[in-house]
Amino acid sequence: MNLKEWLLFSDAVFFAQGTLAWSPSNSYTPANVSCDEDINLIRQASGPSDNETEWLKKRDVYTREALRSFLDRATSNFSDSSLVSQLFSNASDIPRIAVACSGGGYRAMLSGAGMLAAMDNRTDGANEHGLGGLLQSTTYLAGLSGGNWLVGTLAWNNWTSVQDIVNNMTEDDSIWDISNSIINPGGFMIVTTIKRWDHISDAVEGKQDAGFNVSLTDIWGRALSYNFFPSLYRGGVAYTWSTLRDVEVFQNGEMPFPISVADGRYPGTQIIDLNATVFEFNPFEMGSWDPTLNAFTDVKYLGTKVSNGEPVNKGQCVAGYDNTGFIMGTSSSLFNQFLLQINSTSLPSFIKNLVTGFLDDLSEDEDDIAIYAPNPFKDTSYIQDNFSKSISESDYLYLVDGGEDNQNIPLVPLVQDERNVDVIFALDNSADTDYYWPDGASLVSTYERQFSSQGLNMSFPYVPDKRTFVNLGLADKPSFFGCDAQNLTDLNYIPPLVVYIPNARHSYNSNTSTFKLSYTDDERLKMIKNGFEAATRGNLTDDSSFMGCVACAVMRRKQQSLNATLPEECSTCFTNYCWNGTIDDTPVSGLDNSDFDPTAASSAYSAYNTESYSSSSATGSKKNGAGLPATPTSFTSILTLLTAIAGFL
């Protein structure tokens with residue numbers, strides 16, 4: 001069944017049955033459902049869930065075959081490829097792969113799409129000129145903010161391919177049709193825009209009328225969904241995150257395990273720092289490995305009022321709260337950054353006053369971010385000793401964009417020792433520099449986190465400072481970190497090897513603004529094409545041995561644990577691609593401009609609203625994902641604000 005047939009079938013099932021794993025209300029509004037009277041929805045984060053563990057057994061069947069094929073092809077010119085056979089002689093010695101897709105708005109979604117396409121054997125030319133089959137060999141696929149839009153789009157559209165999306169780009173209701181701004185989706189067709197926002201308003205107001213707290217992220221997530229699920233009724237208004245459990249391609253383990261990342265915001269605060277609790281959403285659960293929570297809950301029953309995991313009303317749960325768009329919006333919600341900086345922007349005064357007024361009202365109720373209420377972790381007993389209990393004591397759970405702690409690549413869920421990942425491909429489409437290219441800042445932040453209180457139970461390989469990243473060219477092309485496990489023994493455990501793939505110019509200036517909210521068909525294709533080239537060293541033209549080097553990185557952890565002989569070609573690869581510990585901290589101008597720097601956000605917002613960006617633009621603003629003006633708490637007045645803002649976009 002192809003993508004279009006599946007989408008039509010899914011919509012038909014939705015209207016015919018209504019329930020299944022979709023929202024039981026057939027709408028955006030959560031609803032009460034029956035559940036076991038003795039059910040407990042929370043567990044300690046002592047390892048993967050039973051559901052994930054059982055799923056991994058199915059996935060391993062597919063990755064084993066795909067990885068063997070990839071490694072055989074990649075090492076076909078090696079003088080000695082016996083290591084591949086040695087690894088596959090025992091199931092426990094087969095490497096486990098993860099891919100992490102960074103944030104960065106549509107830039108990250110499109111460039112990241114090209115990078116994933118380079119790893120996907122369903123992409124035209126990926127086997128001949130790329131890393132085709134690597135994605136089929138991958139167990140975990142994590143996304144954050146714009147990277148989560150990419151992961152969520154592929155996973156929740158029946159594991160479609162980037163190639164299929166590209167092939168259908170000119171069709172009606174095509175995925176990622178962002179020719180018009182998300183704020184003005186109808187373009188010159190004003191009626192279309194008004195109708196869209198009327199539907200969004202109705203959906204969110206329905207949730208509010210049912211007694212659930214709503215926030216700007218509800219609106220943002222609903223608006224985004226029309227771009228990701230255009231063939232589903234009203235952008236999948238009743239499509240839930242847990243629906244994926246019942247989709248055959250996931251049930252059978254034919255696709256990677258998708259993970260979305262968001263940050264927790266402590267009650268009564270606005271600033272997000274490196275000690276923020278990192279949350280993950282997967283098809284079975286949401287929660288955190290961090291000691292400040294150390295727990296997971298069943299994502300299907302979010303919205304249920306609980307005490308330490310037990311429903312307050314025995315035998316009664318809530319379902320439909322885990323709307324797919326809401327969770328994808330949560331990972332890209334940046335409204336609190338504007339709350340900090342809106343007054344310093346150069347917006348026209350009447351719009352600034354309008355926006356600031358709404359933001360002030362929202363701030364008082366802390367509705368400027370994603371709010372999960374009732375708190376699914378209320379009274380949880382799994383928080384580790386000597387850590388704040390503020391999350392469990394609050395009636396609400398507050399979540400924000402997963403990169404606001406400066407970890408713009410979702411690495412934390414993938415480096416957990418219990419998941420046994422051997423290598424992580426870190427796709428970095430951040431806008432860290434003045435010219436909106438990455439500079440390794442995300443890797444630096446995750447490395448530093450392991451030495452903070454939140455990093456009590458994690459490890460990450462050594463990486464250099466940002467200046468060294470730039471001075472040594474580590475942010476211009478793929479680089480490997482943690483190549484020698486013998487140098488990592490002083491960490492909590494041996495972490496995965498990290499293959500860092502940064503956004504870089506090959507055939508197109510892909511350093512576009514995160515606030516660029518519309519792309520023409522041509523721009524989309526060029527962004528995707530450039531991403532493919534960034535992941536493949538220019539279609540393997542810059543280095544014809546790169547695929548073999550990727551194979552070496554994949555095998556490295558298991559090769560060292562077995563004390564097996566390293567092919568001489570791998571030694572050459574590691575000399576060329578592994579960071580060898582050299583530091584060059586010569587001052588570099590234009591760094592420290594993170595996607596999530598609130599000061600940069602204000603100037604970025606101003607620039608976006610006063611400049612016109614063309615397809616050849618090599619500049620842009622530096623703020624991630626959900627950089628939209630605040631929306632009024634009175635949903636009936638939403639169009640007033642949107643119409644005013646649309647005139648400046």
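A Cβ is built for glycine as well, from the same backbone N, Cα and C atoms used for every other residue.
Marked as domain 'PLA2c' by Swiss-Prot on the basis of sequence analysis: 34-584. Residues or ranges marked as N-linked glycosylation site by Swiss-Prot on the basis of sequence analysis: N77, N90, N121, N158, N168, N213, N275, N343, N487, N511, N539, N580 (among others). Annotation source Swiss-Prot lists signal peptide at 1-21.
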Practice item. List nothing but the one residue from N77, N213, N275, N487, N580 whose Cβ has the fewest other Cβ atoms within 10 Å; the candidates are the glycosylation sites. Key: N580
Study note, to complete from the structure: Around the Cβ of N511 (N-linked glycosylation site), other Cβ atoms found within 10 Å total 23
Point to revise | Distance [Cα-Cα, Å, rounded] between N580 (N-linked glycosylation site) and N121 (N-linked glycosylation site) | key: 32
Revision key, fill the gap. Counting other C-beta atoms within 10 angstroms, the emptiest spot among the glycosylation sites N90, N539 is N90
Review point. Cα-Cα separation of N77 (N-linked glycosylation site) and N539 (N-linked glycosylation site), in Å?
Key: 18
Review point. Which of these glycosylation sites is closest to N213 (N-linked glycosylation site) if you go by CA atoms: N121, N158, N487, N511, N539?
Key: N158
Exercise for review: Report, in whole Å, the straight Cα-to-Cα distance of N539 (N-linked glycosylation site) from N511 (N-linked glycosylation site).
Suggested key: 19
Study note, to complete from the structure: Mean per-residue pLDDT in the domain 'PLA2c' (34-584) works out to 93
Check your understanding: Can you tell me how far the Cα of N487 (N-linked glycosylation site) sits from the Cα of N90 (N-linked glycosylation site), in Å?
Key -> 26
Check your understanding: Roughly how many angstrom lie between the C-alpha atoms of N158 (N-linked glycosylation site) and N539 (N-linked glycosylation site)?
Key -> 28
Review point. In angstrom units, rounded to an integer, how far apart are the Cα atoms of N121 (N-linked glycosylation site) and N275 (N-linked glycosylation site)?
Key: 39
Review point. Using C-alpha atoms, which one of the glycosylation sites N90, N168, N275 comes nearest to N539 (N-linked glycosylation site)?
Key: N168
Point to revise | Inter-residue C-alpha distance, N90 (N-linked glycosylation site) and N275 (N-linked glycosylation site) (nearest angstrom) | key: 40
